[in-house]
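Asker: Please find one structure pasted underneath; my questions will follow.
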Amino acid sequence: MVVQIRIGQGMDVHAFEEGDHVTLAGIKIPHTHGLKAHSDGDVVLHALSDALLGALALGDIGQHFPDTDVQFKGADSRVLLKHVYQLILDRGYALNNADITVACERPKLAKYNLEMRQSIADVLDVDVTQISVKATTTEKLGFTGRQEGILATATVLVSYQAK
């Protein structure tokens, strides 16, 4: 029996390093630092990829794109997300919606909200109304509060598409 509806949850964290922008949801956002990572460090797309993989128990982003593999050095996370979503589609499932939260003190993300949502929708070929991106702070608590990095979480609902 095919389970008709599946939920997945993912998260990702990256520390700040020298740089002049962060890439979130495929969008380059000016900032006083970059994100330390093997790929482009896009915590939004990494969390979303993990949520999609988790929904169908397909492992995690580290298993599919190990940071020890040189072919993923500096990889564009939009390409990785597209590959992950194709795994979902190949199994007969499709995204109902994604709900993503980004936690950081800086940069402020409100003015990039629609652009980030549209970027994700474009990669997945879904309507922008299926994608939610919210930004919050941790009230100066923890590593994000000390402006040492960024955290993102994602929850997805996927459903089996009868043929």
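Here the Cβ of each residue, glycine as well, is placed from N, Cα and C on the backbone.
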Asker: Just to be sure I read the record right: Asp12, His14 are listed as binding divalent metal cation in Swiss-Prot. Which of His38, His46, His64 is listed for the same site?
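Answerer: Same divalent metal cation site in Swiss-Prot: His46.
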Asker: Specify the count of other C-beta atoms within 10 Å of the C-beta of Thr138 (4-CDP-2-C-methyl-D-erythritol 2-phosphate binding site).
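Answerer: 14, counting other Cβ atoms within 10 Å of Thr138 (4-CDP-2-C-methyl-D-erythritol 2-phosphate binding site).
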Asker: Within 10 Å of Ile61 (4-CDP-2-C-methyl-D-erythritol 2-phosphate binding site) (Cα-Cα), which of the recorded positions His14, His46, Thr137?
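Answerer: If one measures from the Cα of Ile61 (4-CDP-2-C-methyl-D-erythritol 2-phosphate binding site), the recorded positions that come within 10 Å are His46.
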Asker: Return only the integer: C-alpha distance in Å from Arg146 (4-CDP-2-C-methyl-D-erythritol 2-phosphate binding site) to His46 (divalent metal cation binding site).
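Answerer: Between the alpha carbons of Arg146 (4-CDP-2-C-methyl-D-erythritol 2-phosphate binding site) and His46 (divalent metal cation binding site) there are 22 Å.
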